[in-house]
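Beneath this line is the structure, given in structure tokens, with notes to follow.
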Amino acid sequence: MYIAGVMSGTSLDGIDVALVRIEGSGVDSKVKLIHFTTVPFRNDIKSEIQQALSIENSNVQLICSLNFKLGLCFANAVKEVCKEANFSLEQLDLIGSHGQTIYHQPKPEGNMIASTLQIGEPAVIAYDTNTTVISNFRTMDMAAGGQGAPLVPYSEVILYRDPSKNRLLQNIGGIGNVTVIPSQKSDQNVIAFDTGPGNMIIDEVCQRLFQLPYDQNGEIAEQGEVVDEILTYCMNHPFLKMNPPKSTGREQFGEEFVSQLLKRYEKYSKENILTTVTMFTASSIVHHYKGFILPYYEIDEVILGGGGSYNDTLVEMIRYGLKDEKCTIFIQEDIGYSSEAKEAIAFAILANETYHRNPSNVPSATGAKKSVVLGNVTYPSI
């Protein structure tokens, strides 16, 4: 089957689309990436998403309209990846669309029950591309008592399980998440959970203090020094003390967190603040490894992926934090995979599993009561 996986994450960089060919289903799936592209959001669309994400500034009329606008954006992104690959849209069998997360409530709080909302109307995508769309991957896991995240572990087992090596896959997108993948000869369980901020705080600080979308290659962070006072404040965040399985998002580490941090520590240089929040991402990752993984698993390899793996300063901070451990640290590209395409490929794989009616959540990662088939299916017009 030819499937387009579509992902728009918490970083708001744009729409990632992976065109893949998948043979079979389940753990024996054969997956080949044909082409990958990122379609940036228009400035007006990005502004509307940012407004929709704000509890103070959002409204139901905006979210209702944006749901359909993003459906068109996602459909156009699928057309773009096919055009770039010189691949006929009519050959496409399936689209797996994650959607744009507007709010994620992983656990009950007050009178709010656990819930999640991703928008980007699948009916619009299906109609505009004349292709079956699978979307809303998180909701069934949450209906089964899970947190709806992380969802990539299933695809990571298919792609990265090694005959003899125990691996950690660390994704560094807007949020960081880790998947523990025991070797094929191991009888230990796959586990996964969010490790805290990935690029989210780094990018927000860059935009506010340097008027740059992100810290390219970590060049600015390399110039500053870590401020212990700020790092201690960050590392005391309640999320870091929670036991897995757990998930987080912009609600905990987004604009409000950055606003409070910058107001509290405005006396420090902007370079030192950026260096410190970069160290916070690295330290939160290392903290979770040492607290929740390394005491129980003998890890041979750590594989870093996502946009954060291109931040050389961040990667070196992670390496330094793990210098006393026996594991070898790689970037996805070191082993022949694409850091950028990883999550989009994951949702193509999940769409394939749903098409074949196979459960594809990992209860040990999400906390769900049972394995369930993920996603809603939307057929194109006849």
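Glycine is treated like the rest: Cβ placed from N, Cα and C.
Note that the structure is predicted; figures quoted are calculated from it, not measured.
Marked as ATP binding site by Swiss-Prot: Gly9, Thr10, Ser11, Leu12, Asp13, Gly14, Ile15, Asp16.
In sequence order, Met7, Ser8, Thr38, Phe41, Gly173, Gly174 are the residues of the same chain, not among Gly9, Thr10, Ser11, Leu12, Asp13, Gly14, Ile15, Asp16, whose CB sits within 8 A of the CB centroid for the ATP site.
Note on Ser11 (ATP binding site): other Cβ atoms within 10 Å of its Cβ, all shown chains, come to 22.
The candidate set comprises the binding-site residues Asp13, Asp16. Of these, Asp16 has the most other Cβ atoms within 10 Å.
When Cβ neighbours within 10 Å are tallied across all protein chains shown, the highest count among the binding-site residues Leu12, Ile15 belongs to Ile15. For Gly9 (ATP binding site), the same-chain residues lying six or more positions away in sequence with a CB closer than 8 A to its CB are Asp16, His98, Thr101, Gly173, Gly174, Glu343. Taking a C-beta cut-off of under 8 Å and a sequence gap of six or more, Gly14 (ATP binding site) has these contacts in its own chain: Ser8, Thr38, Val39, Pro40, Phe41. Within the same chain, the residues at least 6 positions away from Thr10 (ATP binding site) whose Cβ sits under 8 Å from its Cβ are Thr101, Gly173, Gly174, Ile175, Met200, Gly249, Arg250, Gly254, listed in sequence order. Asp16 (ATP binding site) falls within a strand segment according to DSSP.
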